[in-house]
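Participant: This is the structure, below, for whatever I ask next.
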Amino acid sequence: MLNLKFIIENIEKVIEKLNTRTGDFSYLNKLLVLNIKKKKLIFNIETLRYQQNKISKEISILKQNKTNTENIFERSIFLKNEIHVLENDFKKTDSEISEILNNIPNLPHESVILLSKDNNKINFKKYLSPKKFNFNIKDHVTLGRNLNILDFDRASKITGSRFIVYKGLGARLERSLIQFMMDLHSEKGYIEIIPPFIVNDISMFSTGQLPKFKNDSYRLENSNNWYLNPTGEVPAINLHRNEVLSQKNLPLNYVVFTTCFRQEAGTAGKDTRGILRQHQFNKVELIKFTEPQDSYLELENMLQDAESVLQKLELPYRVIMLPSHELGFSASKTYDIEVWLPGSNNYREISSISNTESFQSLRANIKFYSKNKGKNKYVHTLNGSGLAIGRTLIAILENYQNKDGTITVPKVLRSYMRTDIIK
């Protein structure tokens, strides 16, 4: 969330930055008008309250002197009614301001490329060249079915489309990837977290999922405010909602395992084949709470930590720095890691690493006590997949496939899998 005072004092900069994003931000003009109206209402309410208090004292004196108070009492009633009308108008105006503020996305960082929608993403770096196969390759759907490790038909029977049943060595591979990633990141000092898979509406608002992505979330009908968790950052960031963190504990790093649930609204017809885009999927998420001056250094550290998973798995990938118009709602800067998928002959996103600066901490009221400033300041929060499990599984099946249809298990996973080949 952007601070109203900051927006008003830097309105030209805010408009300029927001116009590099996707969306119509003409409502900022309304915000300015409402803010002026709010100030006038506050002044008028305070003026009338002062008059009412003054009259109340006069009435008290008149009563002591047994003087007629009828006229002045009528004036007091009139002021009370006027104040009531103005207070209702104030509440309505303040609510309209809050609604606008809640829907304003974060501002792009100065290092983010400001590109038009027609420009391509910025290719930041690549790791490994895609393997050249000397046989006709298969995609993960065909491989999974032939090896009887991915069961789409029974998943559809159990639930519906965009769900999967992992079987045999497929289930073991999914589980091995989770354990491998959790082990790898915890060895680097991340604290392991397995949170609830159901979150409330305040948690969803705090990280920016609400109100923006309400239609892409699963809300529990028998509850007024519970949602199925859409991503690990929601419960992890809200671990410290309404808290003041110790400066000596920053940066505070978490590695979070969650099962995530998304409606994938607006993706009808996209990636319907296979497990690339599912309603339910597993993910290992990286979270950082940092001091403001350290957050962009920690963004680079988090990027390296996410990359290390693919490096140890020896999977080809590239890193993209997203231009301003592709940034997520809460993000100020984002790197996408895209893994090579031979089955589709393309790089596909497997992780987004983002710095939200104080955008989420303002919404969640997460601060730290700054000894230098002698006061509480908002932390910066960072999040990123480390990695999406299902997409990592796709990459392994397709990049490690053999001519006979078997899959060579990456060396780093063999102790988890207890085999070196899937057949």
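Even glycines carry a Cβ here, placed using N, Cα and C.
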Participant: Among Ser111, Ser129, Ser385, indicate the single residue that Swiss-Prot lists for the L-serine site containing Thr231, Gly232, Glu233, Glu285.
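Facilitator: Among the candidates, Swiss-Prot records only Ser385 at this L-serine site.
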Participant: If you measure from the CA of Glu285 (L-serine binding site) out to 10 Å, which binding-site residues from the list Arg262, Gln263, Ile350, Ser351 are inside that radius?
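Facilitator: So the list reads Ser351.
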Participant: Could you tell me the C-alpha distance between Gly232 (L-serine binding site) and Arg262 (ATP binding site) in angstrom, no decimals?
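Facilitator: Distance (Cα to Cα, whole Å): 12 Å.
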Participant: Closest of the binding-site residues to Glu264 (ATP binding site), Cα to Cα, picking from Thr231, Glu233, Ser385?
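Facilitator: Considering only the listed binding-site residues, the nearest one is Thr231.
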Participant: What is the separation, in Å, between the Cα atoms of Ser352 (ATP binding site) and Glu233 (L-serine binding site)?
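Facilitator: Each residue's Cα considered, Ser352 (ATP binding site) and Glu233 (L-serine binding site) end up 12 Å apart.
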